[in-house]
Amino acid sequence: MCCAIWSASRAPACSASQLSSSHAVRPSVVPDANPRAAPRYSPDLRIQCTSGTPRPCGSSPLAIVTSRETARATTPSAVPNGASVSNSPCATAASTGAGALDPPVRSSISNSRRGPTSGSVRGRPRCSSSVRSAAASACSRASACIGARCHTVTNEVAPPSSASATRIAPAVTGSGSPSADSCTAPPSSTADARAPRSADSAAVCGQPRRLTLCRCARPSASRASSQAAATPGSSNSGARGSGRSVITSHASRPLIASSPTVQRNQTTVHQQTCEGPTCVQRSVTRLTAMSNPSHAEVPSAYPPPADFAANANATGELYAEAEKDRLAFWEKQAKRLSWQTPFTDVLDWSDAPFAKWFVGGKINVAYNCVDRHVEAGNGDRVAIHWEGEPVGDARSITYAELKDEVCKAANALTDLGLVAGDRVAIYMPMIPEAIVAMLACARLGVMHSVVFAGFSASALRARIEDAEAKLVITSDGQYRRGKAASLKEAVDEAVADQPSVKNVLVVRRTGIDVKWTDGRDLWWDETVEQASTEHIPAAFDSEQPLFLLYTSGTTGKPKGIVHTSGGYLTQSSYTHWNVFDVKPESDVYWCTADIGWVTGHTYIVYGPLSNGVTQVVYEGTPTSPTEHRHFEVIEKYGVTIYYTAPTLIRTFMKLGHQIPASHDLSSLRLLGSVGEPINPEAWRWYREHIGGGKTPIVDTWWQTETGAIMISPLPGVTAAKPGSAMTPLPGISAKIVDDEGNQLVPGADEAEHVTGYLVLDQPWPAMLRGIWGDPQRFKDTYWSRFAEQGWYFAGDGARYDSDGHIWVLGRIDDVMNVSGHRISTAEVESALVGHAGVAEAAVVGASDDTTGQAICAFVILKASAHGGPENMIEELRAEVAREISPIAKPREIHIVPELPKTRSGKIMRRLLRDVAEGRELGDTSTLVDPSVFEAIRASK
C-alpha cells in the first residue's frame, strides 16, 4: 500500500509542500511512479480522507491511498461489467437522477479480466474490509484526518477503444444529502443490460455529505470525440474532429487546460464537498503515463469573452471598410496622427517596388509620440514605468517629463553638429535614456541605428561602418543576471579608426570604470542634462528616413533595413491600437522585447507612445534574480496587456505552472506572441496559466521588413486558433502560393498539409523602403522570386487550414523536402513538444542520399519524463507519425541538455544543421553559450 499527499490544482490552491508539511504524511512510494511495471488496465483505488470540518488551504489534509491488493479485492468477480461492488454498506454517488452515468462508458476489457458477466445488479454495493482497513490506516497517519469522512473513488482506466468523459454526482434525498445506509447501484435498462458500464463510481462512507465529482476519462487513440455530461452550473465543449474536449467546473474554468498531449496522461478529479452553506473545493490530478496515450479533447478555437468583444476597439466592420476601399481605409488611419502639412495622395506606386505613402504630407514623429499628448492635457499620465534589473531600481516618467527629456537630448545633439539625414548608432541597455535618444533623433530628422547591446564589438563595428554613423550613444555598462557588464569597452573597440564617428555619448548606468578618450567621449549627464527643455520640432516629409535597423542576411553581411516616417508611424499606431485593444486611460502595457529589435522599435517606442499609453519597460532578464521576476512586475504595476515571445513562454513552461500560479495575474486581459510561430501547446499553456484561462491571445506575424504587424487575430472579433496567425489585418493583403504563383486552396484539416510561400501582393504603409546603400540587393532579396506578379516574398512557408486561416510555418529554409513531401520544421517541433516528456525541441533537415533530406531532431526532456532515452526516442518517432505522417518521422532524435540560442532567444538551426551533417560549425559569435555544442555533439 502506498500513501501520498496530493495537492489541489484549483482553489483552494494548496501546494504539496503546504499539505505535507502541515500533517507529516510522507509517501513511502509515489503512486504510479513506475506505471510501466503495472498492468495497463488494472484498476486502482483512491481513498481521499478529508477532515470533518472544512478548513482553509493548508489545514485540511488530503491523503491518497493506492493498493494493488486492495484494488484486486474490490474488482468484481461474479457481477456484471461496470458494477462497483463492496462488502459493507455505503452510498454510491451515482444512484439516481443526476447520479446516472451519462453517457455509459463502453469498455472492451475482456471477461477474463473482469469476471463473468450476466444480468443486471441492483441493490446495495458493499465496501470490502480491505478497503476499510486501507482507509483507516491512511487516515490514522494524518492526525488531522482522524474521524474524517472518506470518499472513495474506484477508477478503471479504459482501453484505447473506449472514449468517454463521465460525470458522477450523488443522488440527493429530500434533505439534500444521500443516505449512508440506503444506496443503489446506477440504474440500468433492459436495452443496455448487456452493455458494459463504466467502472467509475463514487462512494460516500460515513456521515451524509453532498459530493460533486467530475472525471474526464481519456478518449480513444483513434481520436473519436466524446461528449461530457454537464453538471448543473458547468459546461463542456469539444473541437471538431480533433479528438479533444474540455470539461469546465462550476466556475466555467477548464479542468483540462493544457495541451492534449499533456492531459492525455492525466486523470483529473474536481471535487466540491459541502456541509450546509460551507463548501470545500479541490482538484486532484493523477498522472497515468500510459504507454500508448490518446488525446483529450480541447477547443480548436477560442472566441473572445463577450465583455471583451463588446468593448473592443476593433469590430468586424473594420474588415469590410478596408475591403471596400483599401486606400481610403489607410487615409483614415493616417488622419489619427497630427500632420503639419496634410498629404495630397495616399500612395504612389509608380516606381515599384519603391513606395511613397501619404505623398506631400509633413509630420514629426516625436511630436506625435510625446508633445501632442501633453498639449491634450495628458502630461501627468505615466508614459513609462521603468524597472531596472536590480530589485528596487525603478522610476516612473510622465509624458510631460518625457517631453522635457527628449527636448534636452535634441538640443544636445544639435549642439554636437547633427542635422537631418545624419545617422546615430545607439548601443544601450533597456533604460529610459535609450528611448529618449531614439525620440530625440526622430525629432531632428536624424536616422537612428539601434544595435542590440548583446552584440559583439565586431558586429557593432560593421553596423557603424555601414551606416557611417557620426555619433554613438552608449552606457558605461549594463546589468545582466545581477552583474554589471561593460558596454563602453565594446564601443571603444568598434569605433577605433572609424573616420565617421565624431563623438561617443555615455550614460552612467552601473558606475563601473571606463576608459576615456578626451575630445571624443562625453558624459550624458554633463551634456544632455544641461541642455534646454525648450525645442520646437520641425516637420519632415512623410518619406523622411526614420531609422536603420540591421537584420541578418544570407550572404553574411547584415542588411540595413530603411523605414520612413509617415507610413511607418501610421501602421505602427493603427496596429498597436487595434491588435492590442489599448485603452490609454486604464491599460498598463508591457512588451518584453529589446529596443535592439524591430519589435522594440514598433511596440515599445513608436506604437505605444503614439497612442498615449502607459507601459512597462524592464531592463533585465526574465529570471533575475529569480524566475518570479516577470510575474512580480506584472503584479507591481497591474499590467493588463503582455506581449512576449514563444521562447520565453516555453521557458516559463519548463519552470512550471506553479511559478505564475503563485502570483496575482488577474489584471491581465490580453496576451500577445511575437518572434516565431508559437506551437499550440505553448499557446494553450500561455492562456491557461498566465491568462487565467480567459484572456484572448494575439499571435502576430510580421518582420523587420514589414515594420508592423501584418497577420493577427483582432482580439474582440476573432475566435483564435492555437498556433495560427489567422488572417491578414484589415488593410493588408497576403496570400499563400505555390512555386508558380498559384494561390493554394484551403485543405482538409486531416489531410496532408500543403505548404506554400507567403507573399504580400499589395503595398502597405510601414513597408521597408530599401536596403541602405544597396537598392539592387533590395530588389533581389524581396521582389525577384515573384517579379512577374510584383509580389513581396516574405521568405516564410505557410499553409491554409480548412477554414482558410493562415498557419505560418517559419522560414522557407526551415521547410524540408523529404521524398518529395514538404514538411515544416515547425510542424515537427510542435509534435515533439506536444509529448508530455518534452520541454523543447529543434528540428533541421539534413542531406540524405535516399530521401533528399532527412529530419533530425534535437530534444530537451523534462525532468519528469519517464523511461530511458531509447524508449523515449521511439515514443517520439511514433508521436510525430501520429501527429503529422509516417513520412515525417525523424531519422535521428538526439536528447540534449540545451539548444543553441542567440541573445534574442532564437534557436540557431543553421548551426544544428552543421552538426547534423557533420560539418564544421559556422559563426557562433551571436550565441549566448557556444559551448553548448560540446554537449550536443556528445549526444550523437
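Glycine is no exception: its Cβ is also placed from the backbone N, Cα and C atoms.
Residues annotated as signal peptide in Swiss-Prot: 1-33.
The region 'Disordered' annotation in Swiss-Prot covers 70-127 (among others).
The compositional bias 'Polar residues' feature in Swiss-Prot is assigned to 72-95 (among others).
Here Swiss-Prot flags 107-120 (among others) as compositional bias 'Polar residues'.
Sequence annotations record features per position, and here Swiss-Prot assigns region 'Disordered' to 157-202 (among others).
Taken from Swiss-Prot, the feature compositional bias 'Low complexity' applies to 184-202 (among others).
Feature annotation from Swiss-Prot assigns compositional bias 'Low complexity' to 224-245 (among others).
Residues or ranges marked as region 'Disordered' in Swiss-Prot: 224-274 (among others).
Per Swiss-Prot, the feature compositional bias 'Polar residues' maps to 258-274 (among others).
Mean pLDDT, taken over the region 'Acetyl-coenzyme A synthetase' (290-940), works out to 92 on the 0 to 100 scale. Sequence annotations record features per position, and here Swiss-Prot assigns region 'Acetyl-coenzyme A synthetase' to 290-940.
According to DSSP, R480 (CoA binding site) sits within a strand segment. Sequence annotations record features per position, and here Swiss-Prot assigns CoA binding site to R480, R481, G482, K483, T599, S819 based on similarity to another entry.
Residues annotated as ATP binding site in Swiss-Prot, with similarity to another entry given as evidence: G675, E676, P677, D699, T700, W701, W702, Q703, T704, D796, R811, R822. Annotation note: T704 (ATP binding site) sits in a coil segment as assigned by DSSP. Sequence-distant neighbours of T704 (ATP binding site): residues of the same chain at least 6 apart with a C-beta under 8 Å from its C-beta are L549, T551, I561, W597, V598, L768.
Per Swiss-Prot, Mg(2+) binding site is recorded for V833, H835, V838. Around H835 (Mg(2+) binding site), taking its Cβ as the centre, 27 other Cβ atoms fall within 10 Å, counting all chains. In the three-state DSSP reading, H835 (Mg(2+) binding site) counts as coil.
What Swiss-Prot lists as N6-acetyllysine is K906. Cβ neighbours within 10 Å of K906 (N6-acetyllysine), excluding its own Cβ and spanning all shown chains: 15.
Once Cβ contacts within 10 Å are tallied over all protein chains shown, the binding-site residues G482, G675, P677 are led by P677. Taking the Cβ of V838 (Mg(2+) binding site) as reference, residues of its chain lying under 8 Å away and at least six apart in sequence are, in sequence order, L832, V859, I860, L861, K862, A865, L876.
G675 (ATP binding site) is 8 Å away from T599 (CoA binding site) when you measure Cα to Cα. In the structure as shown, the Cβ atom of W702 (ATP binding site) sits within 10 Å of 25 other Cβ atoms. Within 10 Å of the Cα of K906 (N6-acetyllysine), the following binding-site residues from the list R480, R481, G675, R811, V833 place their own Cα: G675. Around R481 (CoA binding site), a 10 Å sphere centred on its CB holds 11 further CB atoms from the protein chains shown.
Across the fold, the C-alpha of P677 (ATP binding site) and the C-alpha of V833 (Mg(2+) binding site) stand 13 Å from each other.
Considering only the binding-site residues G675, T700, W702, R811, H835, the residue whose Cα is spatially closest to the Cα of G482 (CoA binding site) is G675.
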